[in-house]
Amino acid sequence: MKKFLQIFYLIILFALFCIYEVYENSGTKVIEVLTPVKFAIDMNNNGIADEGETICIPEIDALTSDLHIMQEDLIKALKISNTDAINAGFAGDNFAKQTLLNKKVKLQYTGKANSECKFANIIFDEDKNYSEEFLKSGFAIKDNKLVNPELFNVKLSETKKLDLVIVNRKSRKFHRLNCKFGLNSGDYEILPMKEALSKYEKCKYCIVRPAAQKKLQTHDAKIIDKSAYPEVFQTDGIKFIVSDYTNNLKPDNKCAHQLCKEVVSLINSTNSTLDMAIYDWNNIPEIINALNNAKARGVTLRVIYDKRTGDNFYPETEEFVKTLENVRSDEIEGSKTLTSMLMHNKFIISDRKKLLTGSMNFSTTGLSGFNANNIAIINSPEMAGYYTKEFNQMFEGKFHKLKEKLNSNNVFKAGNSTLTVYFSPQDKTVENALVPLINSAQNYIYLPVFVITHNSMTDALIKAHNRGVEVKIILDATATRTTHSTHSVLRNAGIPLKTENYAGKIHNKSMIIDDKYIVTGSMNFSNSGENKNDENCVIIENPELAKFYKGWFIFIWNKIPDKFLNFTARPESRESIGSCYDGIDNDYDGKIDFVDEGCRQ
């Protein structure tokens, strides 16, 4: 009997063991999560994912953090960014791993398959359906729409707090989720930054430099004087616009500044003819639309422009002129010498009644107020007619020294202002107009200027200073690198001269004298400006306007620290406020922002 019981117990134990073995082998293990809805399942228990062992969840989609899986259409349908998609994919992948990875599962096949996988419902923990659990997770997508958008946003916000990065295992560096060097990694993983910091190096392009840039930008924001000066002055017959470039630290094409708005307004008010002389150009949408509308209503548009023989910093000029019928460049066939001279004018003549002129180029740096400039909109048919004569010469192919001097009267009235016009190179503007004006000054001469290289003008300013006239100069920082700049001569003579320390340029070519005169136009105070290039210069006699412009000069002067009376800021450096994050090659060395050594020191 005892022996029988022993045999009976052995049979029972064997049966239980067999039942256990059958139960254990009734499921197959999930050995890899490919995406939240795609899994590698070890169906033959060999420990690896073989062909035909990939299972997909039916009728549900999901984002994944796998950078090699194309998800553009899904991301576009959800209207989220690529970085948000990676964050959401990372969270979805983790949900799938925590739910199924290394677990025994049962498969309920649907009978459908594609080239990548077989479709099946996955049963885990005896009776739980993964599809049902995933639909409640916040990560499920059906018909290109989130099943639970509110929960998705909650999960996304939680994941973004992890500050995920892409780790390139080969280079041993980690990158932001939008860094091209990270996105193109072959052998990678995605980790929270705090985990990557102790093991890997930071990418200098997407982490190190931007961090330094942000620190500098924060520093600049703290020291920037946010005070402002009125930018518009209206007098009888003249509207005068200046730009406070100390508060416009990055150029754009939005046409939000009054400078751009005035150009659009002038074009929109034109009925018959519009003549434009342009040196540099960017395609500002609002200006392009205004020009197209003008042409549509029958306005005749004529354009003359400078044909750059060297590097063209505004390639959009060439694109723009290709769209025009009545256009002429300053290229002189057979003469490289003449062609190398500049058609440096920046003016617009509307209906031969109204004129816009000044120092501003029709570019993003000019029209956005990023550079310090001025323009004058002048209501004077006589003066507009005088400019039209000059324009016609150039439109007929007579540029630079080929032009003829205009012998008609060059003095005009616009309301209570008297304006005297000079054109280079025929009128010898510095010799015949500016030096005599400087010599007549009794109280002060203020110069906000891009450059001074003209020796006669330099001598006249020193003589004025020596006879007791207050002379002050604000000079653009890049001008000090000009070969023939006389800024050192002027400083050595005791004249207070500040080089500016902001991202934009002091692009003015102007003077204010004795609360009586202002000088404006396109002509730099240089030998080329007077004797080679096509330029225009206007002397405006109007006491109220002179006082307004003097106020602007003093305002800018006081914003520039006194140390720049003796020291010149590098145009692209920590010394020039905003220059390391404006997207501009401020010193013309081909390097922008933190690629430039000046911003990294």
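Positions of Cβ are set from backbone N, Cα and C atoms, glycine also.
Outside the domain 'PLD phosphodiesterase' (339-366) by six or more residues, the chain places 241, 243, 251-253, 259, 262-263, 266-267, 269-282, 284, 287, 304-307, 309, 314, 329-332, 373-381, 383-385, 387-388, 391, 394, 399-400, 450, 504-505, 507-510, 520-524, 528-529, 532-536, 538, 584 with a CB less than 8 A from a CB of the stretch. As annotated by TrEMBL, domain 'PLD phosphodiesterase' applies to 339-366 (among others).
Remote same-chain residues near the domain 'PLD phosphodiesterase' (502-529) are listed as 245-246, 248-251, 279, 341-342, 344-347, 357-361, 365-366, 370-374, 376, 422, 424, 429-430, 434, 437-438, 440-454, 457, 474-476, 478, 484, 535-543, 545-547, 549-550, 553, 556, 576-579, 582, 584, 586 (criterion: CB distance under 8 Å, separation of at least six residues from the stretch ends). Taken from TrEMBL, the feature domain 'PLD phosphodiesterase' covers 502-529 (among others).
Residues annotated as transmembrane segment in TrEMBL: 7-23.
Sorting the domain 'PLD phosphodiesterase' (339-366) by DSSP state (H, G, I as helix; E, B as strand; all else coil) yields 5 helix, 11 strand, 12 coil. Averaged over the domain 'PLD phosphodiesterase' (339-366), the predicted model reaches a pLDDT of 96.
Across the domain 'PLD phosphodiesterase' (502-529), DSSP classifies residues as 3 helix, 12 strand, 13 coil.
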